[in-house]
Amino acid sequence: MLPEEIGDYLQRHGHPKYRGKQIFAWLQAQAVVNSEEMTDLPQSLRKEIVEEKLLKPLQIEKKQISRDGTEKYLWKLEDNEFIETVLMPYQRQQSRQRVTLCLSTQVGCPLACKFCATGKEGFTRNLTTAEIVGQVLDITAEKRKQDDDFKVTNIVFMGMGEPLLNYDAVKKAIQILTHPQGQAIGQRRITVSTAGIIPGIDRFTDEGWEVNLALSLHAVDEALRSAWMPVNQRYPLSALLQACKRYWEKTRRRLSVEYALIAGVNDKLEDAKKLAHIFHRWPIHLNIIPVNPVQESGAQRPAQESLRKFVQELKGRGLEAVIREERGTDIDAACGQLRSKKQSEKGEA
């Protein structure tokens, strides 16, 4: 909840409204999730917070650390469902460290993209705003036990689930995470990814904020995209591109486009030419992602030479294309590899 909402709740229960700002600051700015540590609150209120279970930290079921420093957290939720979150630290010379959190927004995913582990387990439910924000708070609280200065600097909504199918909870989470009295993460440091939910893209366009939008594209042919991403059957590529054009025309913000390169599927030079033709007049940032291994998908990475030629073709036709830095593949924390515990245990993901 936002400070004023916490204040309204407290006022209805006989407490001064200003306590809402204090509690919000403890939670969001200090990442204190134990009410006994909220020392400027009266003991009676701290006791009530415990008795009424107003603070509900997520439960860490498992934590894995990759050889590249990426960390993956498996969380157990109140209803015994599971989600995963990925922390990616980036060391930068002569500048502050960048710490990116990749957040989940749903338990499972209804879109069933063929190359994605999350979609293999189906869809259970949307996450609440508290569960989305809780991923940030609980990791921050854990990290500050060893490092008082730890701070999440960037957020990407690219974990389990389709963010724009849980729009209201994601929007509220962004409002909380960017609040100046809390984490105060800049809007430009937040990216929301979508597989192509057109009504959600249109809502996003009308928000008037500076949050970044990323499109999971992965194919430039209608039939191929429908085969690998069933969402394309409901929101065809032609209409999706029009929605993205509306986004650019209204916001003037550069669109990020994600393209998972799959050997023998979408990695031909002809695919690169089509991609360049579609976006040749658009100010986009194109991330090329050699597909990450998912046991059931059958998708294979292209050879390095094929990858090099594909990117070279794009650059030669004027697109700003980069190969995304690989993070956390050895612990199944990379793009498309997240899943719940019940599925992970089958393949020890």
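Positions of Cβ are set from backbone N, Cα and C atoms, glycine also.
Among the features that TrEMBL reports, active site, proton acceptor is placed at GLU84. Secondary structure at GLU84 (active site, proton acceptor), taken from DSSP and collapsed to helix, strand or coil, is strand. Residue environment of GLU84 (active site, proton acceptor) contains 28 other Cβ atoms, counted within 10 Å of its Cβ in all protein chains.
Marked as domain 'Radical SAM core' by TrEMBL: 95-330.
Residues or ranges marked as [4Fe-4S] cluster binding site by TrEMBL: CYS109, CYS113, CYS116. Under the three-state DSSP scheme, CYS113 ([4Fe-4S] cluster binding site) falls in the coil class. The number of other Cβ atoms within 10 Å of the Cβ belonging to CYS113 ([4Fe-4S] cluster binding site), over all protein chains shown, comes to 24.
According to TrEMBL, the feature S-adenosyl-L-methionine binding site maps to GLY161, GLU162, SER193, SER216, LEU217, HIS218, ASN292. When secondary structure is read from DSSP and collapsed to three states, SER193 (S-adenosyl-L-methionine binding site) falls in the strand class.
Look at TrEMBL and you will find CYS335 tagged as active site, S-methylcysteine intermediate.
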On a C-alpha basis, identify the one among GLU84, CYS109, CYS113, CYS116 that is nearest to GLU162 (S-adenosyl-L-methionine binding site); the candidates are the recorded positions.
CYS109
Check the domain 'Radical SAM core' (95-330) for me and report the mean pLDDT.
93
Which of the recorded positions GLU84, CYS109, CYS113, CYS116 has its Cα closest in space to the Cα of LEU217 (S-adenosyl-L-methionine binding site)?
CYS113
Can you give me the Cα-Cα distance between CYS109 ([4Fe-4S] cluster binding site) and SER193 (S-adenosyl-L-methionine binding site) in Å, rounded to a whole number?
13
Within 10 Å of the Cβ of CYS109 ([4Fe-4S] cluster binding site), how many other Cβ atoms are there?
26
